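Taken from Swiss-Prot, the feature region 'Critical for cytotoxic activity' covers 57-78. If you look up Swiss-Prot, you'll see 93-106 marked as region 'IgE-binding determinant'. Annotation source Swiss-Prot lists signal peptide at 1-26.
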Amino acid sequence: MKLSCLLLTLTIIFVLTIVHAPNVEAKDLADPESEAVGFADAFGEADAVGEADPNAGLGSVFGRLARILGRVIPKVAKKLGPKVAKVLPKVMKEAIPMAVEMAKSQEEQQPQ
């Protein structure tokens, strides 16, 4: 019973981490006040204003996170016990897509 509670706890922590990661990463990756202004004197003046995309790079962050957790969690599970090692890949196959879908739906619901 204790191993199943541990598995459930780890799964909940994993899913919550993925669901709340877009909010944290968007704040870290893009500064909303970033602007680039340039002037050219060849034929006149030209201004260039750049805008930061708050969702830039999130796919690669989630990919790296999934790969790292995919390597680390089964190794830890094998040390905890063979029952957990059998159940964990099934949980990860279901939890990761579910968490990604939840994150996408959360991004769509946020006002821009």
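From the backbone N, Cα and C atoms, a Cβ is placed for every residue, glycine too.
For the region 'IgE-binding determinant' (93-106), the mean pLDDT of the prediction comes to 78. Across the region 'IgE-binding determinant' (93-106), DSSP classifies residues as 14 helix, 0 strand, 0 coil.
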